[in-house]
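Single-structure report; data block below.
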Amino acid sequence: MTSSLQRPWRVPWLPWTILLVSTAAASQNQERLCAFKDPYQQDLGIGESRISHENGTILCSKGSTCYGLWEKSKGDINLVKQGCWSHIGDPQECHYEECVVTTTPPSIQNGTYRFCCCSTDLCNVNFTENFPPPDTTPLSPPHSFNRDETIIIALASVSVLAVLIVALCFGYRMLTGDRKQGLHSMNMMEAAASEPSLDLDNLKLLELIGRGRYGAVYKGSLDERPVAVKVFSFANRQNFINEKNIYRVPLMEHDNIARFIVGDERVTADGRMEYLLVMEYYPNGSLCKYLSLHTSDWVSSCRLAHSVTRGLAYLHTELPRGDHYKPAISHRDLNSRNVLVKNDGTCVISDFGLSMRLTGNRLVRPGEEDNAAISEVGTIRYMAPEVLEGAVNLRDCESALKQVDMYALGLIYWEIFMRCTDLFPGESVPEYQMAFQTEVGNHPTFEDMQVLVSREKQRPKFPEAWKENSLAVRSLKETIEDCWDQDAEARLTAQCAEERMAELMMIWERNKSVSPTVNPMSTAMQNERNLSHNRRVPKIGPYPDYSSSSYIEDSIHHTDSIVKNISSEHSMSSTPLTIGEKNRNSINYERQQAQARIPSPETSVTSLSTNTTTTNTTGLTPSTGMTTISEMPYPDETNLHTTNVAQSIGPTPVCLQLTEEDLETNKLDPKEVDKNLKESSDENLMEHSLKQFSGPDPLSSTSSSLLYPLIKLAVEATGQQDFTQTANGQACLIPDVLPTQIYPLPKQQNLPKRPTSLPLNTKNSTKEPRLKFGSKHKSNLKQVETGVAKMNTINAAEPHVVTVTMNGVAGRNHSVNSHAATTQYANGTVLSGQTTNIVTHRAQEMLQNQFIGEDTRLNINSSPDEHEPLLRREQQAGHDEGVLDRLVDRRERPLEGGRTNSNNNNSNPCSEQDVLAQGVPSTAADPGPSKPRRAQRPNSLDLSATNVLDGSSIQIGESTQDGKSGSGEKIKKRVKTPYSLKRWRPSTWVISTESLDCEVNNNGSNRAVHSKSSTAVYLAEGGTATTMVSKDIGMNCL
């Protein structure tokens, strides 16, 4: 192909030159004549004779060809060089007769040079271009072509890669789903292969036993054995397929899941298609039917509930085991109709038509889309609040659906235990009702349940009988409430509920041997008092298993006999007033009849370990009495009991009746105590306690509670006392039984207690020792508040030994009185000093043992009265100002000589005197002015007088203006519980004080002082008391 530039370029002088050359060539056949031009005039070894400069030719050697080189730029063609071409190469390149450019111009100078060669004479004069024309874009056409191609290839590659990635992702997801589904399908195939090959032609439908939303249930016979057959219509084919596949899941065999036999389809006689599920037959039917026909005791009810929970927990568990895999399954239609009862009293779960297999957050239902509506449930009555609200947590479908099942399980618990006979003692068990049947009836609508459950947050109500405050009932109610909690995430898991149901059975079995967990309704108040607090009150004392906070804390625990008030259903009761008629006011009548004997250690211990001081005893009627149980000495201290006063033991009453009036008295709510201790200030607490615990006059004739401390002191010292009852019949007496022969009670600690009512009275007698309570072990004259029968009257006129310690204080360079130890009765009888020393030595050792234990250590940070009840009696107002001023004066004025005495008796030991009960008269000091002071709140009371008047006894209730007050105790500990000291008024207690020693000051003048711990207690109503003195140092004893 020739381009437009193929027009020959002619030189004007060429015609005649060609003619001349052709003539010469003819003569020289062997040589080639070519046009020659070399602007650079290079010497190529060619002779000048061979070049013709005139015509510009050259005679080439043999075998050479002619060539020409031109430059083409900007439309012009310039000759660059011509001559002979002698390079050896392809001979076909220069075989043309004309000089033709056939090759693409080289890239030198942007392709502007043209080169050609030829094999004839003067053929290189002109040239002809014979190569494909360049692109229309003259600027680097090859590069543009390569760039476009690269872009196209890149785009194509990216597109293919993207498609490949998408295909891989899709394939991976499909493979992942297919792998689980394939494993499931494989298991389904294995399960299908494991199904028995039964001929359904032998299946006979005998009777209709139930009809549901998705089909009917028949009792049938397959190969002569009873079976249950569920028949699905064609419209419910999907439910049949789903339930069949759930039953075929590997590892679905469980004791609490209904046993599946076979599933098949068949055509009826009228040409309809129906689907059959053959299952094991359970004669008792559904749980709903069973509960409507039967009641059960506690253990049977727990067995029903536990078996249902166990089956549900297995359903909710994902279980990979070898080549088999069981996914977690949500039932989604759990109710009492879908639970069947076996012959052994356990349950199985059935009806899995709406169940779903749960795999993480994915739902798997064969034959349906994965995004099946999870709000679909079987029964509206059992719908959880979040389902009614449409607020199911879709981000965690597995947990959400399990929580829906747990809500329904809580309703089933309620239905089961509403038919428990043990939870309705003394009354008929209510008829069976489904959950919310009282509120919405038998056919509730979705809107009804939405308003009731979701909006109003109501649940089935617990009956009044379930308010019994026992551990088993409380645990049951907590479990049910935790299952149907409004917050789905706060509900129990099935595994946790299973453990709780197992514990409920254990609690019942463990407690029924000690005391019935659920008692008759007449003892509800007593059980609430005993059982609701025995867990929160810490065990104290050297025998924690036998002690409780209600045990009376006394400073002496090792006496021969101790009078205790017992308030428990295990306490001894007296003989009934009327034999022919059952005493309705007595608690546990049969138990009282069986236990009206000598108390056993088990009953004695139980009566002490189940008490709490939460009742107000000011309102007791005269018919109540005191129960007396003697306490044996401990083995390591029996050698100390050598006094002959313990040998004379009379009949001891051991059983009295406990009436409902005792239980109907006001009790302190423990929650109020905690609230008072934590929230209110001291002043507010005092005001609250006055309002809450005010009661009748404790000093009235009908109140005998204040006689208890004196009787206790006398009994501890003598071990002998006769009691009589004035209004409630004769007490059960056991003649000729020594207190040491009766089972001992546990030793109690002498923990600091706050004072209760302690009215003091004057006694117009002459010189008698003063009474002062030891500051170390505080005031132990306490009011008994265990809420049971108490002693009304004390008519004994026999002498009683009272231990008295005289801690005299002497100044420097002064002698003390003699150390003769005597025991003198009020009527003049005096015991020997040897006996007194024995009792005194034993009492001192007992007091030391009370304060050496780690648990009994007294400190400010751990006050033991935090769990004690608040004051209940409103004490009389009268002389409290004088007593409080006296306490403040004694606290603020130190003893002369630089010695002080604190509550804990940490002061330096001082010399001690033993004096006679008659006392020694001393000089009276001038009374000092009284200063009004703010009422203090002592934890330990120092009730000793601060002055004496000329040998006569001083009343404690007198004002400090009668004499100069002496140094006294410092109150170091702050009482945490509120109380207030009110007026001290005269009562049957007579406590006299008198100066027994003299203390010399630095100036050498004598001043009347009092004994540090001298006491003398007398009975004002005809009885006598005995004062004992001891010379042991540091001993304070009552």
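Cβ from N, Cα, C; glycine included.
According to Swiss-Prot, the protein carries these features:
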- 27-150: topological domain 'Extracellular' (TOPO_DOM)
- Cys34-Cys66: disulfide bond (DISULFID)
- Asn55: N-linked glycosylation site (CARBOHYD)
- Cys60-Cys84: disulfide bond (DISULFID)
- Cys94-Cys117: disulfide bond (DISULFID)
- Cys99-Cys116: disulfide bond (DISULFID)
- Asn110: N-linked glycosylation site (CARBOHYD)
- Cys118-Cys123: disulfide bond (DISULFID)
- Asn126: N-linked glycosylation site (CARBOHYD)
- 172-1038: topological domain 'Cytoplasmic' (TOPO_DOM)
- 203-504: domain 'Protein kinase' (DOMAIN)
- Thr379: phosphothreonine (MOD_RES)
- Ser586: phosphoserine (MOD_RES)
- 593-626: region 'Disordered' (REGION)
- 603-626: compositional bias 'Low complexity' (COMPBIAS)
- Ser680: phosphoserine (MOD_RES)
- Ser681: phosphoserine (MOD_RES)
- 746-770: region 'Disordered' (REGION)
- 872-972: region 'Disordered' (REGION)
- 937-964: compositional bias 'Polar residues' (COMPBIAS)
Asn126 (N-linked glycosylation site) and Cys60 (disulfide bond), Cα-Cα, nearest whole angstrom: 18
Mean of pLDDT values spanning the domain 'Protein kinase' (203-504): 90
Candidates Cys34, Cys66, Cys99, Cys117, Thr379, namely the recorded positions, that fall within 10 Å of Cys123 (disulfide bond) by Cα distance: Cys34, Cys66, Cys99, Cys117
The one of Asn55, Asn126, Thr379 whose CB sees the fewest other CB atoms within 10 Å, among these recorded positions: Asn55
Cα distance (Å, whole number) from Cys116 (disulfide bond) to Cys84 (disulfide bond): 12
Least Cβ-crowded entry, counting other Cβ within 10 Å, from the disulfide-bonded residues listed as Cys60, Cys66, Cys118, Cys123: Cys60
Where Asn126 (N-linked glycosylation site) sits in the secondary structure, as DSSP reduces it to three classes: coil
Cβ atoms near Cys94 (disulfide bond) (within 10 Å, other residues, all chains): 21
Three-state secondary structure, which DSSP defines for Cys94 (disulfide bond): helix
Those recorded positions of Cys34, Asn55, Cys66, Cys118, Thr379 having Cα within 10 angstroms of Cys99 (disulfide bond): Cys66, Cys118
Nearest recorded site to Cys118 (disulfide bond) by CA-CA distance, among recorded positions Cys34, Asn55, Cys66, Asn126: Cys66
Pairwise CA distance, Cys116 (disulfide bond) versus Cys94 (disulfide bond), rounded so that it is a whole Å: 8
Those recorded positions of Cys34, Cys66, Asn126 having Cα within 10 angstroms of Cys94 (disulfide bond): Cys66
Neighbour tally for Cys116 (disulfide bond), based on other Cβ positions within 10 Å of its Cβ: 26
Spatially closest candidate among Cys34, Asn55, Cys66, Asn126, Thr379, the listed recorded positions, to Cys117 (disulfide bond) (Cα to Cα): Cys66
Number of Cβ atoms other than its own within 10 Å, given for Cys84 (disulfide bond): 23
Sparsest-packed of the listed disulfide-bonded residues (Cys34, Cys99, Cys117) - C-beta count within 10 angstroms: Cys117
Distance [Cα-Cα, Å, rounded] between the residue listed as 'phosphothreonine' and Asn55 (N-linked glycosylation site): 121
Residue from Cys34, Cys66, Asn126 whose C-alpha is spatially nearest that of Asn55 (N-linked glycosylation site), among the recorded positions: Cys34
